[in-house]
Amino acid sequence: MLLLQLLLDGIQSGAVYALMAVGFAIVFGMTRIFHYSHGATYLIAGYGFYACTSVFGLPWYLSVLAAIVLSAGFGALVQLLVYRPVQRDAGSFFTVFVASFGVGVVVENLLAMMFGSGFLSVTSPLSRAQPIMGLYISQLGMIIVGTAPLIFLALNYFFDRTSVGLALRGLADNPDLVTVYGLSAKSLFLIALVLGSLLVVPAAVFQTITAGLTPSAGHRVMLISLAATIIGGIGSLRGAGLGGLLLGVAESLSFWRLPAGWSDAVTFLILLAFILLRPSGLLGQKVRV
Amino acid sequence: MVNYFANLVTVTGISMILAISLNLLIGYAGIFSMAHAAFYGVGAYVAALLALHYTAELTLAVPLAMVTCAAASLLISLPALRVRGEYFVAASLGLQVIAFTVFEQWHSVTGGLSGLIGIPVAELFGYSLASPLAFMGVTIALVALVALAVICLLRTAFGRDLRAIRDDETAAAAAGKNVAVIKSIAVAISSALCAVAGVLYAFNIAFVNPESFTLNLSVLVMAMVIIGGAGTITGPIIGAALIQCLPAALSWLPLPPQNIGYLQQILYGLAMVLLMIYRPAGLMGKARSKG
Amino acid sequence: MNPRSGIAMQLIDVSKHFGGISAANHVNLSLPYGKVTGLVGPNGAGKTTMFNIMTGHIRPDEGSVLHKGVELLTMSPRAIALRGVARSFQALRLFSHMTVLENVLTVMERSPWSFLSGGSEKRLRLEKAEEILSRVGLAGLRNELAVDISYGEQKFLSLARILAMEADVWLLDEPASGLDLSSYDRFFGILRERVEAGVAICLIEHNLDIVRGISDEIAFLDRGTVLDQGEPERILNDAKLTAIYFGEAV
């Protein structure tokens, strides 16, 4: 029974990890920007949600809306104010990464200054667990598990059917060919950043309500997103989603036998195993070794 | 007063070793490691355990720590560097997280969160280094040795390999370079040099616990290298000195003490962003002449 | 290097698609020893992609890439380079923060353990690097950083790097663009000399007069397909191909 419960919990966090990882994979896969401030986006969404509910007393749906606006805005700002100027003369992987990393450090510490470095969480009626056939699942968990597949379906449609989605995929394969679609690479980068940032919101809200939030969580978000992207196979969005789900479930199942401190170690070991045995990931194209 | 000064120099010297060794990766090999604090920690724990259980002799502690760190680094670098740069960032980030967990959880060896206390005074060829001045002297000598080692290394064919890879990995591979092996050697050397800093740290404050080896420290060392100027010899040295002095300068500001730490990090972060936009080579680096 | 005859490199029925775009469509192409093969075609025809496929930077969806009869498909770019396939890049990709001499030296230091090799070997490499630099006319700039020399000089440095590789297949991506007339003659003088020694050269070039002057054979590429391969005069006088090249409606 415990195992089933852990599996259920794992699917919940796995669902939000999956979305988060897909968000990173979109930015990284399509634009080649090593978007370390993906973690910062998570913090902004999470603290934005916290401030709206606990400080301003807004209802949860308005707070979620605020988190959505904040993270999309932040993604766009980072692209316009940081990545674009850094890349104006062909910024390398290095310069873009450092700049992105710097943004992450600034956001983390600004939030620590404003909200303190301790755990913050939101108590919401949504988080109250309901017993269903001996298993406990919160309303929030049900919403998450219910909506995540819908978001994935929408993404699928976007990337397979719409011209913008197709152009974004083209960007990943060969940036020079994208002009064929009549969209500038600039606007595609912006779209990728905003879209990627939006996908962090479910994870931020879910974690803020269930596990709580600290300013240092950004690095962990990065580790999970990056690990899921690699596990799934760089360049494959479905892979990143699967990777996130796998990590969420594995992390939760690790509580069955291991002390709480080791859950990140489980993530790392899975990542290392993939790098060692299957560097191309679950669904990625074969990587040269 | 003299002791205070000697200690300040020692602490700054340790930072310099950290920055110089990380610069070998960031500046010359184009490898991003988030795990520098982890290797620093491994070096410190090795020295602490050796001193507590066997001997406080530096001529033994330093080589042992270096070998341990170099070997530990191969654990992640060999698999991750075969593939691509991003894999190493991920693996090193993971290693940093797991290292902290191990330091914290492996009570029987590391003493858990409370750490290892009462590390005896370091010895050099049997002479005790109890005086802070003597220890400072040894630290300065080691900083010089580490810097010299890096300078010499860069002048060899191997140094050219590294710089070629940093300048253009695709072209380096197209010229027949074994990028993965070269990078792995660089990581091993860098980790070994980083271990020297760990050993000095452990003996200097006679106490190690996991809190000293967190991801934040990795970030800090990275900031030293990047702000000073990655890929230059003087850059990381200046960067380390600068960042070591910053807290003292900020303490004059009328701010609650806990906020000074945050403000410090905000400044590093901001400096990193602005430098990448306006001067990607860092303070000591040559401003880019042509596109 | 002894003059060789026969085919150095061969693409057989190679296809590569990016999303919906076909960058190579059942391409057949052969590069004979002792000849310069010009790769011609309108922008976006997939010329550079062809190089990337030959050097292992892009893995084709299907087909076969042979060098001296050996399949390259499973090999890394490094392994292919070590077999003797050298390439230059359109963007040159010099080691910009290394000196001119170091750029050449490092290409000759193939093994990561080169730094362990003894003094005589080191001296030999140095001598050879100096020799190559004088050959391309950069001896006086040996201690300048690659980023600091002029564009024309960088082109010659790119050539020096290829000379240092001692490869038998050279893939040159727009080697002549941006060169003035006298350096252009010098540049192709060196190419001719190596071709006579048996090297197989394939070059991408937009200026049709240049292509006509240097090539022994021309392959015409459009939208990932080799439309024709043969004598320069025949290809360049083909009205249908020139129409495609200059973007006229056919």
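Backbone N, Cα and C define each Cβ position, glycine as well.
Feature list (source: TrEMBL):
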type: TRANSMEM; residues: B:6-25; note: transmembrane segment
type: TRANSMEM; residues: B:37-54; note: transmembrane segment
type: TRANSMEM; residues: B:60-80; note: transmembrane segment
type: TRANSMEM; residues: B:87-106; note: transmembrane segment
type: TRANSMEM; residues: B:133-154; note: transmembrane segment
type: TRANSMEM; residues: B:185-207; note: transmembrane segment
type: TRANSMEM; residues: B:213-230; note: transmembrane segment
type: TRANSMEM; residues: B:261-278; note: transmembrane segment
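Sequence-distant contacts of the transmembrane segment (B:185-207) (same chain, six or more residues past either end, CB-CB distance under 8 Å): 7, 10-11, 13-15, 17-18, 20-22, 24-25, 28-29, 31, 33, 36, 39-48, 51, 56, 58, 61-62, 65-74, 77, 81, 115-122, 129, 135, 138-139, 142, 146, 149-150, 153, 158, 162.
Between the transmembrane segment (B:87-106) and the transmembrane segment (B:37-54) there are 3 or more Cβ pairs closer than 8 Å, counting only residues 6 or more apart in sequence, so the two stretches are in contact. A Cβ distance under 8 Å defines the sequence-distant neighbours of the transmembrane segment (B:213-230), meaning residues of its chain 6+ beyond its ends; these are 15, 18-19, 22-23, 26-27, 33-38, 40-41, 44, 93, 96-97, 99-100, 103, 236-240, 242-243, 265, 268-269, 271-272, 275, 281-285. Long-range neighbours of the transmembrane segment (B:133-154) within the same chain, counting only residues 6 or more positions beyond its ends whose Cβ lies under 8 Å from a Cβ of the stretch, are 2-3, 6-7, 9-10, 13-14, 16-17, 20-21, 23-24, 28, 58, 62, 122, 124, 162-163, 189, 193, 196, 200, 203-204, 233, 237.
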